[in-house]
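Per TrEMBL, the feature domain 'CBS' maps to 151-210. If you look up TrEMBL, you'll see D243, T244, A245, G298, V299, G300 marked as NAD(+) binding site. The NADP(+) binding site annotation in TrEMBL covers D243, T244, A245, G298, V299, G300. Among the features that TrEMBL reports, K(+) binding site is placed at G300, G302, C305. Taken from TrEMBL, the feature active site, thioimidate intermediate applies to C305.
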Amino acid sequence: MRFLTPPVHDLTYNDVFMVPNRSAVTSRHDVDLTSTDGAATPLPLVVANMTAVSGRRMAETVARRGAVAIIPQDLPTDVVGEAIARVKGADVVFDTPVRVSPHTTVGETLSLIPKRSHGLAVVVEDSRPVGVVRPGAAAGSDRFTQAHEVMGTDLVTVPTSTTPREIFELLTSSHQDVAVAVDDDGRLVGVMTPRGALRAGLYTPATDPSGRLQVGVAVGINGDVAGRAERLLDAGADLLVVDTAHGHQEKMLSALAAVTAVRDARAERRVPVVAGNVVTAEGTRDLAAAGADIVKVGVGPGAMCTTRMQTGVGRPQFSAVLECAEAARAEGRAVWADGGVKHPRDIALALAAGAGSVMIGSWFAGTHESTGDLLTDASGRSYKESFGMASARAVRNRTKDSSGYERARAALFEEGISSSRMYLDPDRPGVEDLLDFITSGVRSSCTYAGARDLTEFAELAVVGVQSSSGYEEGRPVHSSW
Ligand SMILES: NC(=O)C1=CN([C@@H]2O[C@H](COP(=O)(O)OP(=O)(O)OC[C@H]3O[C@@H](n4cnc5c(N)ncnc54)[C@H](OP(=O)(O)O)[C@@H]3O)[C@@H](O)[C@H]2O)C=CC1
Ligand SMILES: Nc1nc2c(ncn2[C@@H]2O[C@H](COP(=O)(O)O)[C@@H](O)[C@H]2O)c(=O)[nH]1
């Protein structure tokens with residue numbers, strides 16, 4: 001990447017823009033978005049280890065499209081083990097349906113449907129699909145009505161060998177909204193909508209060496225770090241993220257050394273170890289020297305963060321990523337740009353600055369697949385509640401086994417928001433809708449730069465510094481002025 005004019009101060013994503021280059025890349029479909037962080041996932045996107053965002057539903061959904069989610073450090077190791085098992089057991093092609101029995105009440109069925117984006121539940125008897133409940137058909141029924149009384153039985157069932165393209169054509173020609181995939185014994189495997197069929201043809205899943213979906217897990221720096229890392233690797237974690245607010249501290253360096261020692265003792269597979277957060281070249285070099293394969297960059301840019309207001313510490317994220325990526329590259333390592341992403345352009349700019357992948361939290365909190373329950377405000381808009389991992393709420397959670405005195409002491413140090421509303425975008429309510437939005441934007445950024453992949457993009461991008469009115473000029477206008 002090069003600057004049009006060298007900047008005189010540190011920059012945020014909003015402070016910068018890219019200019020187009022002469023390009024020989026004539027189609028956005030020709031761009032390869034494989035991450036350049038060594039983990040080499042098909043998409044350079046990571047879901048942040050935040051309790052309100054990243055769980056097994058999020059993990060399997062994004063992995064099917066090529067990204068990876070990190071399960072938060074605050075969950076007990078056995079619970080994380082179960083989440084990993086569920087992700088590893090999920091089908092790589094077909095979406096996991098909401099399953100109910102014929103006797104599940106309509107009330108329960110309607111509360112489960114928003115947990116996935118398909119907008120329906122499959123009614124299953126002896127593992128075989130017997131019907132589908134759609135909210136429209138159940139509307140007006142008593143909440144204690146049973147699923148079999150309101151289900152539709154006009155199922156489009158397909159064998160798992162059917163290709164996504166065949167499913168797309170079958171569904172669009174028959175004006176149906178979902179295909180139900182069954183195995184040779186007629187047991188339910190998964191579902192596919194026309195949009196899902198299109199995506200299955202466009203995206204490559206992020207898989208482990210056994211062909212199962214990938215998932216990462218975070219580890220804190222306190223307690224039995226090596227023991228947790230050992231159990232997470234046993235459970236099948238594909239990435240370990242050693243995570244704390246102040247990553248450039250000695251406790252982090254020893255935790256990181258413990259985790260990499262556990263990882264290196266295993267001959268069968270070298271799982272990447274990520275560590276952070278830092279915002280300086282020196283911090284990056286120290287984490288690389290302590291064994292990090294990938295360094296996580298960002299102090300204070302996150303939507304749930306109060307760190308900069310509380311402490312004055314942090315750094316504008318574009319400059320932090322640029323400096324840390326350069327330092328990491330010199331050590332043969334990579335960085336993840338963590339936090340502060342609100343638009344596809346921010347991801348493109350982080351990748352232009354040299355990030356191997358980009359971590360997103362709050363934006364994905366407002367989707368069907370995040371962990372929280374779907375709520376509705378007084379005006380009828382759907383939202384999910386989110387909170388920061390250093391908020392009083394998260395600290396209370398994390399310290400629930402400590403003494404009252406220790407809990408009260410820990411609660412003094414909150415650095416995050418305990419409650420926020422992340423509204424679902426009516427046009428993009430599912431995380432896959434956001435992945436479509438992001439990847440189409442980033443593919444286009446690459447072709448404007450003349451880059452076929454993200455290595456070329458980080459080399460070729462030409463970045464300028466803009467005023468706030470420059471940024472404002474680029475925002476769409478939805479009504480007249
Ligand atoms: N990217 C960012 O800007 C930030 C991210 N976070 C996220 O919040 C989550 C919780 O992290 P964390 O608060 O580190 O919690 P942890 O429970 O992991 O504890 C952090 C440990 O580091 C010590 N520590 C020393 N200095 C600091 C400091 N300035 N801030 C925090 N801890 C410090 C703490 O000791 P003691 O409590 O005795 O001081 C404690 O032992 C993580 O997921 C992290 O990524 C949190 C804040 C900023
Ligand atoms: N200072 C704090 N940072 C936090 C907290 N919870 C999470 N985070 C960081 O934010 C990113 C995600 O950023 P987003 O803009 O996409 O939401 C996450 O990975 C953490 O590094 C917090 O309570 N305080």
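The backbone N, Cα and C atoms fix where each Cβ goes, and this holds for glycine too.
Structural mapping of features recorded in TrEMBL.
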| residue | record | DSSP class |
| --- | --- | --- |
| D243 | NAD(+) binding site | strand |
| G298 | NAD(+) binding site | coil |
| C305 | K(+) binding site | strand |
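What surrounds the NADP(+) site, by Cβ distance within 8 Å of the Cβ centroid and not counting D243, T244, A245, G298, V299, G300, is the set H246, G247, G276, N277, V278, K296, T307, D338, G339 from the same chain.
Summarising the environment of G302 (K(+) binding site), the number of other Cβ atoms within 10 Å of its Cβ, over all protein chains shown, is 29. Taking each of the binding-site residues A245, V299 in turn and counting other Cβ atoms within 10 Å of its Cβ gives the largest count for V299. Taking only the Cα positions, the spacing between G298 (NAD(+) binding site) and C305 (K(+) binding site) is 11 angstrom.
Secondary structure of the domain 'CBS' (151-210) per DSSP (helix as H, G, I; strand as E, B; remaining residues coil): 20 helix, 15 strand, 25 coil. Among the binding-site residues D243, T244, V299, G302, C305, residues whose Cβ is positioned under 6 Å from ligand 2 are identified as G302, C305. Counting Cβ atoms from all protein chains shown, T244 (NAD(+) binding site) has 20 others lying within 10 Å of its own Cβ. Spatially close to D243 (NAD(+) binding site) yet at least six residues away along the chain are N49, Q73, A218, V219, G220, I221, V274, A275, G276, N277, K296, judged by Cβ distances under 8 angstroms.
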